[in-house]
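The (2R)-2-phosphoglycerate binding site annotation in Swiss-Prot covers 163, 337, 366, 367, 388. The annotation active site, proton donor is assigned in Swiss-Prot to 205. Look at Swiss-Prot and you will find 242, 285, 312 tagged as Mg(2+) binding site, backed by sequence analysis. Here Swiss-Prot flags 337 as active site, proton acceptor.
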């Protein structure tokens, strides 16, 4: 009864007004699964290929008509009739059909849309929520939200070179309370920025992009907001950074153009270690550039015992790159973005490999999102304990938080909030 009888791809708009792929998968019993594919602004060089048309007469070249055509034609022809519950078999067939190492022929956006829609259709057919269908009976851990409330780097037009400044309400007793804490801090920060004469418009991920001079200035503003909202930094709420260092790593050095500073590899590590010592920072994402394996090893040896070091551009949700990181003792956590690798099975494989090696996993959105809340279910399904899905503004971000609220309510007494145990520095 879970045989695939129809696959319908379409071009929709993401949160930045750019086209993306949405896919409906219809099963023999009438069950329907729908998935929309996200898109990143700062993308790693080793990510799977997001296929764009390149036709300047449509959407300034960013159309996804070729990917949609692949969904409606070649992909449906290949997997029509397959049983949707056989996810691994379907994903393997999609990879074989594409035939490239980076999904460059059909496009990761086409393959992922189908892969996720298949899982959602199968869950619907079984009468199960997606997190339970994918994760099984023990999927009940609600993740700590990593809320990006100040933006810099590629996500903002300000002098701050780091891309994201996040708060983590790890001391909260539940996900719902953690979300409330975050919202209260967000609004307190907004008032503080406004009172100081800063712009409070929000960026791609719902965070503020004030014209602050440095990372330290941003961290100080966030600390004050936490305290003014009535919470204790380093006890109730912790800080996190996404440096997105690949974006400013040029000619072997880290060139902070906004701040007017250049740091070599050793100086970059020393600077991050200094920030960890000075502030209650418990997680740093992409503290070193994606191919600076030497720098990553030095950073891990220096602060890895007291801070979560998350590889995003470094690992790109790819088991081959993660395997190298584990072998070399580089980083201690992986950021999981479904569209970096391009299928559900490969995403789950990356999380499983990380957990087996004692690495943490963080489920993540992209800066170009939709109302699709699949990653909320996947965060619970994988018991990863952390989710990164933006600030407390913009419905493309809050859609994921709201889905997690529903899941926590549905789980009732069996729900567990990951809290401090989710973070290597606090466990």
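Numbering starts at 1 and runs along the chain as displayed.
Just so you know, glycine gets a Cβ as well, placed from its N, Cα and C.
Locations of recorded Swiss-Prot features on the structure.
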| residue | record | Cβ contacts under 8 Å, 6 or more apart |
| --- | --- | --- |
| 242 | Mg(2+) binding site | 148, 162, 163, 164, 166, 284, 285, 286, 312 |
| 337 | (2R)-2-phosphoglycerate binding site | 38, 40, 312, 316, 317, 364, 365, 366 |
| 388 | (2R)-2-phosphoglycerate binding site | 145, 146, 148, 166, 335, 362, 363, 364, 365 |
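For residue 205 (active site, proton donor) paired with residue 367 ((2R)-2-phosphoglycerate binding site), the C-alpha to C-alpha distance reads 6 Å.
Residue 312 (Mg(2+) binding site) counts 29 other C-beta atoms within 10 Å of its own C-beta, drawing on all protein chains shown.
Of all the binding-site residues given, namely 163, 367, the one with the smallest number of surrounding CB atoms inside 10 A is 367. The record assigns 163, 337, 366, 367, 388 to the (2R)-2-phosphoglycerate binding site, and the maximum Cα to Cα distance across that set is 17 Å.
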